[in-house]
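Here is the structure we will look at.
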Amino acid sequence: MEPFKHPIAILGAGSWGTALALVLARKGQKVRLWSYESDHVDEMQAEGVNNRYLPNYPFPETLKAYCDLKASLEGVTDILIVVPSFAFHEVITRMKPLIDAKTRIAWGTKGLAKGSRLLHEVVATELGQVPMAVISGPSLATEVAANLPTAVSLASNNSQFSKDLIERLHGQRFRVYKNDDMIGVELCGSVKNILAIATGISDGLKLGSNARAALITRGLTEMGRLVSVFGGKQETLTGLAGLGDLVLTCTDNQSRNRRFGLALGEGVDKKEAQQAIGQAIEGLYNTDQVHALAQKHAIEMPLTFQVHRILHEDLDPQQAVQELLERSPKAE
C-alpha cells in the first residue's frame, strides 16, 4: 500500500490535532481536519488557519476543515483521533457506523477512557481487532507547528500500519520512532499529565528545583509500577513516551497541566485556573482514572494519590506536601 494515495482524517481540531494535520499536509498529503463545533469549522474554512487553538500557522492547500463526520471519513482508510480522553469513546461510537473493514485507527490522545480503560481496549471493544497505533512523546503543539525538531514514539499492533503511518509522518523535523509496547506508551502518556500537575504545584509553592527533580524522578518510579502491573515494557519508561514526555511536561510552561498545577500552588481556585487555560487539562480528568486503577490493583502511587486528593477532595496543596514529606524512608 502507498499510504499517501488516500486522504487521512484527523478527528479533533485542538492544538495537537492541528499540529499533526500540519505535519501531514506540509508533506503534500490530503488531510481532513474534523471538529464537532460548526462555528469553529466555519472560522477555519474562512481564515485558512486555526486561530482558536493554533494561530499563526496557515493551512496548506491540502488541509481542509470539516464539521460533517460522515463527509470527513468518506473514502478514508487511516483515521487519527486527537480528542481529549474523556471524549474518545464517544468519537469511536459516532464513527463506528461510518467506517468499513479496511479502516485503521491511530490516536494522539494521552489518557484513559471512562472506567479507567486503556484507549486500545475501547477501540477493540467497539471495532474489533482493527489495526491500531498510538503516537506519544515530548511534542508541544506550537513547536511542532513551528517546524522545530521533535521526536515521538509510535506503537502499533500491526506492522504494516506502523510502517505506513511512520512513512506518512516522519521527516527531518518530526522524527517518529517505532515501538511495539502500546500498553506502556498509553500508560506513560496518562500518568505524566498527573505528575506535571504535581510539579506545577511544587513550583507554585516555591519549593525549589531540588523538589521538582525529586518529583519527576519519583514520579517515573510510580509510572514504572503501573506499567509493570499491566505488562508494559520497562524500556518504554526511559524512551520518548516515558521519560521524554515526562520531563517536557513537568518543566515547560507551555504544558497546560503544569500551568494548572502552578496556579493551584499559587492559591488560584481550581475552576478559575481551568477557565484561564481554556483548553482540556488531561491530568485533571486522568487523575481520577489512574487513581481508581491504582486502588483496584493495589499499586503504590503516593504522588498520584495526593494530586487526586487536591483535585477531588479539596486537600490543601501545602498539607499534601507536608504529608508526603512525613512518609517513612524507603529504599529507592
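From the backbone N, Cα and C atoms, a Cβ is placed for every residue, glycine too.
As annotated by Swiss-Prot, NADPH binding site applies to Ser15, Trp16, Lys110, Ala141, Arg256, Glu282, with the evidence given as sequence analysis. According to DSSP, Ser15 (NADPH binding site) is assigned to a helical segment.
For Lys110, Gly137, Ser139, Lys192, Asp245, Ser255, Arg256, Asn257, the entry in Swiss-Prot reads sn-glycerol 3-phosphate binding site. Long-range Cβ proximity for Ser139 (sn-glycerol 3-phosphate binding site), meaning a same-chain Cβ under 8 A and a gap of 6 or more residues, is found for Trp16, Ala19, Thr150, Val152, Asp245. In the three-state DSSP classification, Ser139 (sn-glycerol 3-phosphate binding site) falls within coil.
According to Swiss-Prot, the feature active site, proton acceptor maps to Lys192, an assignment based on sequence analysis. Taken residue by residue with DSSP, Lys192 (sn-glycerol 3-phosphate binding site) is part of a helix.
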Between the binding-site residues Lys192, Ser255, Asn257, which lies closest to Ala141 (NADPH binding site), Cα to Cα?
Ser255
Quick one: give me the count of other CB atoms within 10 A of the CB of Lys192 (sn-glycerol 3-phosphate binding site).
31
Cα-Cα, Glu282 (NADPH binding site) versus Ser255 (sn-glycerol 3-phosphate binding site), nearest Å, comes out at 11
Distance from Lys192 (sn-glycerol 3-phosphate binding site) back to Arg256 (NADPH binding site), taken between C-alpha atoms, in Å:
12
Separation of alpha carbons, Ser15 (NADPH binding site) and Gly137 (sn-glycerol 3-phosphate binding site) (Å)
15
